[in-house]
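All remarks here apply to the structure that follows.
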Amino acid sequence: MVLFYRAHWRDYKNDQVRIMMNLTTLTHRDALCLNARFTSREEAIHALTQRLAALGKISSTEQFLEEVYRRESLGPTALGEGLAVPHGKTAAVKEAAFAVATLSEPLQWEGVDGPEAVDLVVLLAIPPNEAGTTHMQLLTALTTRLADDEIRARIQSATTPDELLSALDDKGGTQPSASFSNAPTIVCVTACPAGIAHTYMAAEYLEKAGRKLGVNVYVEKQGANGIEGRLTADQLNSATACIFAAEVAIKESERFNGIPALSVPVAEPIRHAEALIQQALTLKRSDETRTVQQDTQPVKSVKTELKQALLSGISFAVPLIVAGGTVLAVAVLLSQIFGLQDLFNEENSWLWMYRKLGGGLLGILMVPVLAAYTAYSLADKPALAPGFAAGLAANMIGSGFLGAVVGGLIAGYLMRWVKNHLRLSSKFNGFLTFYLYPVLGTLGAGSLMLFVVGEPVAWINNSLTAWLNGLSGSNALLLGAILGFMCSFDLGGPVNKAAYAFCLGAMANGVYGPYAIFASVKMVSAFTVTASTMLAPRLFKEFEIETGKSTWLLGLAGITEGAIPMAIEDPLRVIGSFVLGSMVTGAIVGAMNIGLSTPGAGIFSLFLLHDNGAGGVMAAIGWFGAALVGAAISTAILLMWRRHAVKHGNYLTDGVMP
C-alpha cells in the first residue's frame with residue numbers, strides 16, 4: 001500500500017511539473033506590466049483587466065470588474081510578502097488567463113491584518129464552467145507556485161517580460177507532505193468563493209508549516225476542480241484537530257463530527273499557518289461525542305449572522321418567486337390577449353394548470369423554502385427539516401414572509417442548541433442524524449410557530465400588508481423615496497439588500513407596489529453613468545468612460561453593480577447624485593400605484609406590470625419614464641458637482657477641463 005501511494009505521488013508530481021512548465025500558455029507578454037506605477041488598487045485592477053480584454057480573454061470588462069470588486073469585498077486578497085491576487089470568476093471570461101504587474105512603488109492593499117504594502121499583483125480571470133480542465137489545472141498550479149518564496153522573488157525582481165516568463169517556467173515545485181511517526185495529525189480544508197487563489201495557497205502554506213513543525217498535516221482543497229486531496233478515513237480517525245480555512249460552506253462537513261475544529265478565514269494560513277497549527281493542537285478531542293468544538297475566528301456578530309441567514313434564505317427562495325411569478329404572469333397575459341378568461345378559470349384546463357403551477361410556487365412552496373434555508377444557514381443540514389416545518393406552520397397560520405423569516409430563525413437557533421447540547425455515543429450517530437434531529441426539531445420549531453409566536457407574527461404581517469395596501473398620496477411618495485434611497489445608497493450592498501428583502505416580503509403577501517418601485521430605481525444609477533460620461537467625457541477618467549459605454553445595458557437587466565467602479569472612485573459625489581435621482585424615481589412610481597410580481601425581469605417588467613386600472617401602456621410609460629427622469633436628475637447633479645470639483649482641483653481626470 002505504501003509503495004502504491006509513493007507511485008501515485010510520483011505520477012502526480014510529474015503531472016504537476018508538466019503543468020507548471022506550461023504556465024505561460026495562460027498569459028502573454030502583453031499581459032505583463034513591469035515596474036508599473038498605480039495610484040490605487042482600482043487603477044491596478046482596471047489596467048490589468050484592460051490588458052486581458054485586449055488579448056480577447058474577457059468579453060465584458062464591466063462584468064468582470066464587477067465580479068472582481070465583489071470578491072474584493074468578501075475578504076482580503078493581499079497575501080503577504082508584497083503579493084496581491086485579485087480574481088474574478090464570471091461568464092464574462094472567455095478563457096482562463098492571468099495578468100501580472102510588478103510595481104515600482106508599493107500600493108496599500110487590504111490584507112489579513114489590515115492594509116499592507118503590495119508590489120506584485122497577479123490578476124486571475126476564471127471562467128465559471130472550466131472545473132477540471134487543463135486551464136484550471138494551470139491556474140491552480142500558478143497559485144501554488146506563488147507560495148514558493150524563491151519563484152515569487154524572481155517574479156518581483158524581473159526587469160523584462162522574458163525574465164518574468166522564465167520565472168513562471170521554473171521547474172521548482174512543492175514538496176510532498178512529510179510523514180512523521182508518533183507525531184500528531186492535523187486535517188485541514190481550504191476553500192474560497194472562486195476556488196482558486198486562496199484555496200491552493202492556503203493549502204501550500206499549511207503543508208509547509210506542518211513540515212517545519214514536525215506535524216502531519218493533510219489538506220483537502222475544495223476548489224474550482226471540486227474536492228482535491230480528499231481526506232481518507234484513516235487520516236480523519238487519527239486527527240488530533242481540524243482547521244477549516246474557508247469562506248464558503250464546507251462540503252460533507254459531517255465527516256468531521258467529533259474532531260475539534262478551528263475555523264478561520266481562508267487567507268489566515270497564508271500569514272499565520274504555524275500559529276494556527278499550534279493553536280489547533282491545544283484543542284481537545286472527545287471520541288464519545290459527535291459535537292465539534294469550534295473556535296471561530298473572527299466570531300460573527302448577531303447582526304452579521306442574522307443578515308447572512310436572511311440573505312441565504314432569500315437566495316434559495318428567489319428562483320421560486322421568479323419562476324412562479326413569470327408562469328403566473330404568462331398565464332394571465334394569455335387569458336387577456338386571446339380572450340381565454342373562461343379557460344383561465346375552468347378547473348383542470350391547461351391554462352388553469354399553469355395558473356395553479358405559478359401560484360403554487362409563490363403561495364405554497366416559497367415560504368417553507370425561505371424558512372428552511374434560513375435555518376440551514378444557521379445550523380447546517382440538521383436544521384432543514386425543522387425549517388421546512390416552521391415554514392409550513394407559517395403558511396398554516398397565514399403569517400407569510402415575516403413568519404417564514406421568524407420560523408427559519410427559530411428552527412436554526414433551536415437546532416444549533418440541540419447540536420451543541422445533545423451528546424450521544426458515536427455508536428448512535430446515525431440515529432441522532434436521521435431521527436432525533438429532524439423529529440425533535442420539527443416538533444420544537446413547529447410547536448413554537450403554531451402555538452407561541454406564530455399568531456403575533458401573523459398579526460404583525462397582516463397589519464403590515466393592510467398598511468401597504470392602504471398607502472396613497474404622500475405616504476406612497478414617502479415609501480417610494482425611501483426605497484429609492486436604499487436601492488442606490490450602496491449598489492447591491494447591505495442597505496440595498498434590506499430594501500430588496502422588504503420588497504420580496506411585500507410581494508409574498510400580495511403587495512406588488514414596492515417591487516415595482518425597486519425595479520424602476522435599479523436603472524437610475526446605470527443610466528446616470530452612461531449619460532454623464534457621454535455628455536461630458538472630459539470630466540471623467542478613461543476607465544469611467546469605458547464603464548459608461550455598457551453600463552446602461554446592465555441597467556436594463558436590473559443590475560446596479562455596474563456603477564460600482566465609478567462610485568468607488570468618487571463616492572460622495574457619485575453616490576449622492578444617484579440617491580437624489582433615485583428618490584425622485586421611487587416617489588413617482590409609488591404615486592402611480594402600479595405593481596410588479598416578477599423579480600429579476602429587468603426591462604421585460606414593462607410587460608408584466610400590474611396597472612391597477614391605469615392601463616398597461618400608461619403603466620409601462622410611467623414606470624420606465626420615472627427611471628429616465630431620475631437618471632436625468634442624477635446626471636445633472638453629478639455633472640455639476642464633478643465640474644466644480646475638477647475646476648477647483650479636488651478631482652483629477654485624464655483629460656482637460658472643458
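Every residue gets a Cβ built from N, Cα and C, even glycine.
Look at the topological domains in Swiss-Prot: W467 and F540 end up on the same side of the membrane. Swiss-Prot assigns the feature transmembrane segment to one of the listed ranges (186-206, 501-521), namely 501-521. Per-residue pLDDT, averaged over the topological domain 'Periplasmic' (595-620), rounds to 83. Between the transmembrane segment (621-641) and the transmembrane segment (501-521), three or more CB pairs separated by 6 or more residues in sequence fall under 8 Å, so the two stretches touch. Outside the transmembrane segment (314-334), and at least 6 residues removed from its termini, the chain residues within Cβ reach (under 8 Å) are 340, 344, 351, 354-355, 357-362, 365-366, 369-370, 372-373, 500-501, 504, 507-508, 597-601, 607-608.
Proximity of distant same-chain residues to the transmembrane segment (475-495), defined by a Cβ-Cβ separation under 8 Å and at least 6 residues beyond the stretch ends, is recorded for 307, 502-503, 513-514, 517-518, 521-522, 524-525, 560-561, 563-564, 567, 575, 578-579, 581-591, 593, 630.
With a cut-off of 8 Å between Cβ atoms, the residues of this chain six or more beyond the topological domain 'Periplasmic' (522-551) that come close are 42-43, 46, 50, 60-62, 65, 484, 487-488, 491, 558-560, 562-563, 565-567, 569, 577-578, 581-582, 585, 627-628, 630-632, 634-635, 638-639, 642-643, 646, 653-658. Between the recorded positions H87, C192, C192 has the most other Cβ atoms inside 10 Å of its own Cβ, all protein chains included. Residue counts for the topological domain 'Periplasmic' (595-620) under DSSP, helix first, then strand, then coil, are 11 helix, 4 strand, 11 coil.
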